Amino acid sequence: MERVTGIRWYAALRSCFPILSWLPRYNLTWLKMDLIAGLTVGLTAVPQALAYAEVAGLPVQYGLYSAFMGGFIYCVFGTSKDITLGPTAIMSLLCSAYIGGDPVFAVVLTLLCGVIQAGMALLRLGFLLDFISYPVIKGFTCAAAVTIGFGQVKNILGLTEIPQQFFLQVYYTFHKIPEARAGDVILGLCCLFFLLTLTLMKNSLGSCEDEAPLFIRSARWLVWSLATIRNALVVIAATAVAYSAEVNGHHFFSLTGKTAKGLPPFKAPPLSETVANGTVITFSDIAMDLGGGLAVIPLMGVLESIAIAKAFASKNNYRIDANQELFAIGERFSSFTMFHQSVNWSISHHNDVFAGLTNIMGSFVSAYPVTGSFGRTAVNSQTGVCSPAGGIVTGVIVLLSLAFLMPLFFYIPKASLAAVIICAVSPMIDFRVPVQLWRVKRLDLLPFLVTFLVSFWEVQYGIVGGVLVSGFMLLYIVARPKVKVSDHGVLLLEPDSGLNFPVTEHLSRLVFRHALHVSPPRCLVLDCSHVSSVDFTVVHELTELLKQIELRRVSMIFAGLKPSVLKVLLMADLPGFRHTDRVDEALQLLTSIGHYQQQF
């Protein structure tokens with residue numbers, strides 16, 4: 001008995017700390033592959049983190065502050081070997097709309113975002129994400145990609161004093177083109193060309209058979225490796241060019257400028273801020289200023305992670321439930337498993353709790369909100385990572401950059417970071433989506449277009465607008481189901497969906513139009529085979545309807561009632577209530593009643 005109890009306790013402990021599932025089986029082969037994958041992702045994460053901090057409107061070091069905590073947290077609590085947590089383009093764009101370039105606001109937002117995500121998990125609020133439809137998500141991501149990408153054009157051109165609002169940004173960018181700096185334009189276009197070339201080379205690489213000559217396999221590996229770390233190569237080369245120009249007294253490029261040196265201090269997140277004039281901004285004031293960001297950013301963080309989880313679930317033949325992604329630590333793992341090198345990888349439903357935990361812990365090192373990164377997760381998977389320990393290597397790379405390379409980041413040209421961002425977000429613009437929506441169901445173009453267009457005004461309003469339009473479309477379908485009316489000697493009404501309180505008025509109008517407001521009034525059968533539940537409003541409306549039917553001396557029979565629905569209707573004591581198990585029985589009964597009434 002004690003042994004069984006011990007096994008159960010150990011299983012519960014492994015549910016809380018998944019590292020206990022794979023660490024005992026760790027070996028040198030896994031270590032080698034995790035080192036390669038972690039180093040590769042680290043060389044991708046560092047330049048992207050610097051660039052995404054620019055999108056968020058923060059000093060570049062805050063991108064690095066946000067890029068390492070996820071690797072350490074996920075190594076202990078994570079269950080998927082592939083997923084990486086860190087700053088992303090969309091989260092950076094959303095944060096920029098709320099923090100106004102203030103690092104204190106960013107850190108408080110990170111803390112609250114983590115707390116809200118954990119609270120959503122405890123309250124099992126994952127169902128809220130079900131109301132954000134695919135057209136809304138794609139409309140938002142496409143608009144975000146355009147906004148982020150065009151927002152970097154000013155850095156490619158070397159322009160300053162460009163407003164953040166998208167439409168003003170477009171106007172002033174074109175208005176100030178004559179002020180573009182030649183050095184930034186040339187460097188930016190060269191970086192874009194180099195990144196695009198390496199991306200196309202990587203995409204054109206086919207599969208290489210093991211029997212291929214060593215030279216072919218080596219060349220393919222070299223091209224793939226260079227293309228994978230292309231962001232780091234571009235930033236390093238551009239920084240070297242800019243540094244050479246600066247030391248020779250030539251100021252050709254717009255540089256990142258002064259950055260904070262060293263590692264961020266590990267301390268409690270600031271809950272207030274004192275501005276230059278001595279005014280103290282309290283925690284409640286900061287929370288009120290963040291406003292809708294406290295709802296939008298946690299939800300979008302969850303959505304990004306779920307999108308990644310679903311993509312890799314499809315690739316590796318396992319299933320992800322959106323609700324399970326949000327459940328609390330300590331619940332049992334889901335039964336969906338993936339196999340990698342003879343090890344069963346149990347895919348938990350806790351990934352976004354870990355994102356919340358990462359955000360909470362990240363606020364202690366001055367991070368801004370993070371979530372799963374699709375691009376870096378793909379790199380992690382492609383390089384053959386064997387366990388979540390690869391995230392530790394990535395975190396160490398970021399920490400080493402903070403410790404030793406911060407003085408060199410002064411010389412990073414903004415044009416090179418802009419090129420990195422533009423190439424990172426361009427795949428998010430998917431022109432196939434509106435074509436597919438038009439071909440499959442044209443009405444779904446409406447929430448897509450509303451989200452896409454309104455997001456250029458304010459991204460958060462685009463999401464809200466798309467969700468509202470999708471919600472109204474859903475409510476209309478619920479309130480106005482299709483009801484087939486057929487004549488079998490008596491009328492047969494067949495609703496194609498359930499009876500909820502918004503449907504009652506619609507159903508009553510149909511009954512009056514086809515059965516009671518005709519001469520003579522007609523008997524009818526209501527096919528309830530699709531009705532799974534009824535509420536008090538439905539019962540009340542049926543009571544009034546049956547009274548009107550009795551006054552006109554006709555009959556109405558309910559057919560195909562489910563036991564739970566029948567129990568409710570019997571308890572309601574409806575006047576003149578009749579029911580049969582099958583529609584044909586009801587039709588036969590009413591037909592015989594009609595013949596009897598005609599005889600007498």
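The backbone N, Cα and C atoms fix where each Cβ goes, glycine too.
Summarising the annotation, TrEMBL assigns transmembrane segment to 35-53, 59-77, 84-101, 107-129, 182-201, 221-243, 353-371, 391-410, 417-439, 459-479. TrEMBL lists 489-574 with the feature domain 'STAS'.
Counting C-beta pairs under 8 angstroms (sequence separation of 6 or more), the transmembrane segment (459-479) reaches the transmembrane segment (84-101) with 3 or more such pairs. Across 84-101, 182-201, 221-243, 353-371, stretch 353-371 shows the highest tally of CB pairs under 8 A with the transmembrane segment (107-129). Contact between the transmembrane segment (417-439) and the transmembrane segment (353-371) does not hold: fewer than three of their C-beta pairs are under 8 Å, each pair 6 or more apart in sequence. The highest tally of CB pairs under 8 A with the transmembrane segment (221-243), across 35-53, 59-77, 391-410, is held by 35-53. Under DSSP, residues within the domain 'STAS' (489-574) fall into helix, strand and coil as 42 helix, 13 strand, 31 coil.
Against the transmembrane segment (84-101), stretch 353-371 has more CB pairs under 8 A than any other of 59-77, 182-201, 353-371, 391-410. The transmembrane segment (353-371) shares the most Cβ pairs under 8 Å with 59-77, out of the stretches 35-53, 59-77, 391-410.
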